[in-house]
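Record features (Swiss-Prot):
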- 14-19, Lys54, 70-71, Lys87, 146-149, Lys167, 172-173: ITP binding site (BINDING)
- Glu42: Mg(2+) binding site (BINDING)
Amino acid sequence: MTTSAPRKTVNFITGNQNKLAEVQAILEPTIEVQSQKLDLIEVQGTLEEVTLDKVRRAAEQVEGPVLVEDTCLCFNALKGLPGPYIKWFMESIGHDGLNNLLAAYEDKSAQAVCTFGYSAGPGSEPILFQGITEGKIVPPRGPPFFGWDAIFEYEGQTYAEMDKAEKNKISHRGKALEKLQAWFAQREN
């Protein structure tokens, strides 16, 4: 009789139900995703600096293993802005305002960047997993329910117009989680 190894469980620190649903859709059933909301103050810095700080503080608060995520939307014409501050830009100016930022520029290209940080617990060196998807910024199309999905176009469709499974295969988040899955699989072998 062969027994399989117990399924790996991660404690994903988020209060965003859309992010949680995407992470669960990509990782489960291979990796069980539990969720916990913590109020973590985000430092200002690069995406990597923000993620490292967040994962270290989350591991200390939870006193155990955690997974955190930070996302950027980088406009090439604006040398990477809004970058890691996209959440605050979205809350302040919305889809139309983000499009207006690029109104004076011919270049509408952008990068969607997702960085997950995993820590085995307090004092453990965090590991980062990053995914990038190239696209462009367009006027909003599709349901406006998940951040900037309605204005980020990849190969003719905005994220918001895509089927969820299709989006998860090509998205910045999906690419980062693929790296996380590979890392966990390598550690089991």
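From the backbone N, Cα and C atoms, a Cβ is placed for every residue, glycine too.
Annotated features taken from Swiss-Prot, shown on the structure.
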{"residue": "Thr14", "record": "ITP binding site", "DSSP (3 states)": "coil"}
{"residue": "Glu42", "record": "Mg(2+) binding site", "DSSP (3 states)": "coil"}
{"residue": "Lys54", "record": "ITP binding site", "DSSP (3 states)": "helix"}
{"residue": "Lys87", "record": "ITP binding site", "DSSP (3 states)": "helix"}
{"residue": "Trp148", "record": "ITP binding site", "DSSP (3 states)": "coil"}
{"residue": "His172", "record": "ITP binding site", "DSSP (3 states)": "helix"}
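Neighbour density at the Cβ, taken as the number of other Cβ atoms within 10 Å, is lowest among the binding-site residues Lys54, Lys87 for Lys87. The residue listed as 'Mg(2+) binding site' is 13 Å away from Thr14 (ITP binding site) when you measure Cα to Cα. In the shown protein chains, 15 other C-beta atoms lie within 10 A of the C-beta of Glu42 (Mg(2+) binding site).
The binding-site residues listed here are Thr14, Gln17; among them, Thr14 has the most other Cβ atoms within 10 Å of its own Cβ. There are 24 other Cβ atoms within 10 Å of the Cβ belonging to Trp148 (ITP binding site). Around the Cβ of His172 (ITP binding site), a 10 Å sphere holds 24 further Cβ atoms from the protein chains shown.
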